Amino acid sequence: MTLVEKTESRIREDVASVSLEKVLARHGRIDLVPLPSDSPEDPLNWSSFRKNMLLALVAFHACLGPFSAACVIPSFEDFVVDFGITLTEASYLVSVPIVFLGTIPLLWAPVSNRIGRRPVYLASMLLSAAMQLASAYCTTYGSLMTTRVLVSVFICPPQSIGASTVSEVFFVHQKGQKMGIWALLVSVGPTIAPLIMGPLVYHTGQWQWTFYFLAIINFAHFILYIFFCPETLFDRPDRSNGSPTSSMVESVNTGKWYTPYTSFRRHSTEPWIRLPLNVISPLRYLMKPTILLPSLAYAITFTYTNVLLTVQIPALLGQKYLLNTQQVGLQFIAPFLGALLGEPIAGYGSDKWMQYRVRKAGGTRQPEWRLPFAIPGFLIAIVGLMIFGVQLQNTPAGVWNVTPDVGSGIALFGLQLVTTVCTTYAIESQPGHTGQAALMVAFIRQMYAFTGPFYFTLQFDSMGTVNACGLLSGLIAIGMCFILLCILFGKSWRTGKDAISREQESTGDLSDEKVKV
C-alpha cells in the first residue's frame, strides 16, 4: 500500500470514528464550521441553487428597506408644490423612515426566533405591499409620513434576521462572500431607487407611480417567497463531541410535522410575555467593543457617503445645475456603479485573504485578520467625498458637470469595502450570537444615519461644499481609527475575562481553534 493510500485509509477511519461519512460524501470535506447534521432538511445541506435563491430573495428584501426610504428623493419638488412644504421638510420623508428601519428590527428578531423566519418574511412583504399602495392615495403630508413609517415598520425584518438567515444556510468559509452580497444590496438600495424612480416620475408626471411600482414589486416578492423561502431555523445537534447520531437527527427533523415550506411551528418555548425584554436585551451588545467600534466605523462612513450623496443630491446638484426629476435620478448611476464594482473585491477578496491567513497559521482563524481589508475602503471613501465637494464647488452653476458624480462613485466603491468587512467582522466576533451582532450593526447604522438629513443642508449652506466635505472626511478618518483599535486589541477584547467564553464553549465555537481532519 502506497503512502497516499495509507493516508486516505487513515482519513476514512478518522471520519468513520466520528460518524461524518455523510458529511464527507455530501460536501467533500469535514473541516466545516458549523458541522452539518446528516438530515437533508438541514439548511447547510441544501443544494447550491436552493441556498443562493434564498440568499438573493433575502438580500433583495434587505435592499427594499433603504430602497423604499430613498424612492421619494426625485419627487421632493413635487411634494413642495402639492403639500406646501419646504425642500428640507420633504427630506424628512426619507430621514424619519430611516430611524424606524433601525429600531423596529429589535422587535422582529425575537418574534422570528419564536415562530420562524418564513412567516415573518411572508407577512413583511404582504403588509409592505398594502402600505405602499396606501401611500399612493395620500393627499396630505401627514398621511404620507404615516404610511411611510408603516412601510418601514413592516419591511425591515431582514435588517435584523437577514444576516442570521445567511449564517443558518452557509458555512463560515463562505460567509464573507455571501454577507457581501447581502451588504451590497443594502448599500445600493438608496442609490438605485432614485435612479429608477426619477425617470418613472418624470414620464408619468405623477409621484404616485412611485408607490404603485413599489406595491407591485413587494407583492411579486411575496409570491416568490411562497415558493423559494423555506424555513431556515433547524434543530441542529452539536457534533463537536461526536453526538448525537445521524439516525437520531433524521428522526427529529424530518418527521411528518417538519416541512420547511408548508408547516409553521413554534421554534421557541419562551413565553410571549418576555417579548419586551427580548426586544431590549440585544442592546447589551453595545458594550462589546468588537461590535460597537466596527459598527460605528461603518455607520459614520455610510452616513457621509451613502446617505449624504443620496438625500442631498436634489439640493446640491439639482438646484445648482437646474436638473429636472429625470436628470436628478440619473445622478445616481455613478454611486450605483461604484458600489457594484466594490463588492466583488470586498466579499470575494476578503474571503480569499482570510483563507490565506488561515492556511499560513496552520488552521487557526482570528476574525481580526479580516479587518485590514477595510482600511483602503476608508481612504477611498475620503478621496471620493473630497472630489465630490471640490468639483461641486468649483464647477459653474447652470451647466451640468460629471466630475462630482465621479467622486460619488469612488466614495461608494470605498464604502462597499468598509460595509462588507465591518459587518462580517462584527458577526464573526460573536459566533454564538450572530443575530444580535447583525441587529446591532443595523441599529447603530440607522440611528447615526437618521440624524444626517437634519443638519446636512445647514452645514453645507454655512460652511461651503469643500469645508463641509473636509469635516465629514475627518469623521470618516476617526472611524478608520476605530478599526485600527480592533486590529490591535480585538482578540484581547474577545478572549478577556469579560468576554463570552462560556457562551462560546456552550455553542461549540471553533473560530479560534484549529479544525482538523
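Yeah, the Cβs are placed from backbone N, Cα and C, and that goes for glycine too.
The shown structure was predicted, so the numbers you read here are calculated from the model rather than taken from an experiment.
Features as listed in TrEMBL:
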- 54-75: transmembrane segment (TRANSMEM)
- 54-491: domain 'Major facilitator superfamily (MFS) profile' (DOMAIN)
- 90-108: transmembrane segment (TRANSMEM)
- 120-137: transmembrane segment (TRANSMEM)
- 149-172: transmembrane segment (TRANSMEM)
- 179-197: transmembrane segment (TRANSMEM)
- 209-229: transmembrane segment (TRANSMEM)
- 291-317: transmembrane segment (TRANSMEM)
- 329-350: transmembrane segment (TRANSMEM)
- 371-390: transmembrane segment (TRANSMEM)
- 410-427: transmembrane segment (TRANSMEM)
- 439-458: transmembrane segment (TRANSMEM)
- 470-490: transmembrane segment (TRANSMEM)
When counting Cβ pairs under 8 Å to the transmembrane segment (329-350), the leader among 54-75, 90-108, 149-172, 371-390, 410-427: 410-427
Seg_contact(the transmembrane segment (54-75), the transmembrane segment (410-427)) with at least 3 CB pairs under 8 angstroms, min sep 6: no
Cβ-Cβ under 8 Å with the transmembrane segment (291-317): same-chain residues at least 6 beyond its ends: 70, 73-74, 76-77, 87, 91, 94-95, 98, 187, 190-191, 194, 285, 323, 328, 331-332, 335, 371, 374, 377-378, 381, 384-385, 388, 392, 404, 408, 411-412, 414-415, 418-419, 422-423, 425-426, 429-430, 437, 440-441, 444-445, 447-449, 451-453, 456-457, 460, 465, 472-473, 475-476, 478-480, 482-483, 485-486
Two-stretch contact, the transmembrane segment (120-137) and the transmembrane segment (179-197), at least three Cβ pairs under 8 Å: no
Which of 90-108, 179-197, 371-390, 439-458 contacts the transmembrane segment (410-427) most, counting Cβ pairs under 8 Å: 371-390
Cβ-Cβ under 8 Å with the transmembrane segment (470-490): same-chain residues at least 6 beyond its ends: 289-290, 293-294, 296-301, 304-305, 308, 367-368, 371-372, 374-375, 378-379, 381-382, 385-386, 389, 418, 422, 425, 429, 459, 463
Seg_contact(the transmembrane segment (149-172), the transmembrane segment (371-390)) with at least 3 CB pairs under 8 angstroms, min sep 6: no
Long-range environment of the transmembrane segment (209-229) - Cβ separation under 8 angstroms, sequence gap at least 6: 50, 53-54, 57-58, 60-61, 64, 68, 71-72, 75, 117-118, 121-122, 125-126, 128-130, 132-133, 135-136, 155, 196-197, 200-201, 261
Distal contacts, the transmembrane segment (90-108) - CB-CB under 8 A, six or more residues away: 65-66, 68-70, 72-73, 76, 79-80, 83, 120, 124, 144-145, 148-149, 151-153, 155-157, 159-161, 279-280, 282-283, 307, 311, 315, 439, 442-447, 449-450, 452-454, 457
Model confidence over the domain 'Major facilitator superfamily (MFS) profile' (54-491), averaged pLDDT: 88
